[in-house]
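Annotated in TrEMBL:
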- 5-44: domain 'L-seryl-tRNA selenium transferase N-terminal' (DOMAIN)
- 277: N6-(pyridoxal phosphate)lysine (MOD_RES)
Ligand SMILES: *Cc1c(COP(=O)(O)O)cnc(C)c1O
């Protein structure tokens with residue numbers, strides 16, 4: 001009797017199997033070959049029969065080359081840090097795909113010579129905030145602050161209120177970031193109250209700049225006092241304001257949230273912000289303000305280490321010029337429209353015998369800003385056990401569990417994804 005292991009298909013034969021050959025084209029030979037070898041190994045060990053090897057290879061292959069899985073954000077947190085913050089608009093995604101090949105990011109196609117890197121994105125940013133004479137874009141807001149400290153306060157002091165020594169998340173602390181450059185932090189005032197006089201008393205020949213930081217993830221209430229941007233101008237040193245969220249102009253749904261245009265109009269010399277929070281674009285650090293200061297930042301040697309790639313520049317330009325990105329749409333969605341969507345989904349699911357109901361819910365802007373601002377919303381409420389299979393599905397749907405119910409909050413879900421949610425819930429049953 002022949003040993004069945006001798007009939008295990010050869011590597012060449014398996015790689016020629018049409019479905020496996022197709023996988024080689026999308027996933028690459030390395031990944032597929034490793035799956036082939038592993039499946040042959042299982043057959044040799046008697047774990048699977050030789051005629052099941054091809055199926056075993058296909059079952060073991062990843063869905064895509066990237067391990068990052070697409071997620072439908074049904075948490076009700078508009079800017080969800082753990083879900084990659086702002087989802088890009090379709091226009092921004094298209095721009096990323098186009099820029100992914102060779103592109104004229106630093107080249108003038110008319111003259112055939114070198115051109116300013118990312119000029120399209122920079123022009124769009126300057127046009128969005130006419131009050132900014134100079135603009136620059138770096139890797140993220142942390143990089144923007146780092147560059148300010150390196151270029152504007154080398155071996156000097158940065159004057160900052162004790163009420164604004166912010167930890168953003170995952171242990172990231174702005175004071176530590178600034179101190180890592182060798183600049184010294186000159187803390188003024190107290191946790192709850194800081195006055196203009198505290199700043200003026202601290203400013204001297206060693207001062208690099210005054211920094212104001214927007215407490216984007218907490219609020220100080222009660223007996224509080226803060227020196228506003230307008231009060232801190234004309235102190236003889238640059239005033240840098242980290243507004244955090246990246247709102248370029250005021251947003252009606254978020255009245256307390258500072259914006260770049262307003263902060264510059266109030267007298268800030270430089271504003272720093274994130275690109276992937278409430279602006280709704282790619283991860284980026286925006287620097288806007290005084291042309292001379294921005295030129296100093298751009299010329300600093302570290303600017304090269306903090307610069308953004310062509311994909312970011314493409315996505316940022318498309319976010320600034322193109323249609324409303326998902327974050328902005330989520331903020332603008334009307335409560336009654338959201339409830340109608342929740343009702344439509346729940347009714348369809350209930351008709352299948354699923355315990356689904358439309359409920360009122362409260363969404364939030366998230367780590368991106370506007371702490372304490374509640375956004376009225378609507379959700380599909382399901383038994384809590386749905387949360388896990390929904391998370392494990394493809395695409396993953398991430399809701400939140402509240403009082404033993406799994407809520408799929410529709411404020412953070414694009415209407416086009418409602419059928420995706422419908423299908424995902426049915427598959428859990
Ligand atoms: C989010 C935030 C940062 C950090 O921004 P990144 O773009 O994540 O580096 C800095 N300052 C404030 C006030 C923030 O809200």
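Just so it is clear, glycine is given a Cβ too, placed from its N, Cα and C backbone atoms.
Automatic, uncurated: that is what TrEMBL annotation is.
Averaged across the domain 'L-seryl-tRNA selenium transferase N-terminal' (5-44), pLDDT for the predicted model comes to 94. For the domain 'L-seryl-tRNA selenium transferase N-terminal' (5-44), the residues of the chain that approach it from at least six positions outside its boundaries are 50-54, 56-58, 60-62, 64-65, judged by C-beta separation under 8 angstroms. Counting residues of the domain 'L-seryl-tRNA selenium transferase N-terminal' (5-44) by DSSP class, helix then strand then coil, yields 35 helix, 0 strand, 5 coil.
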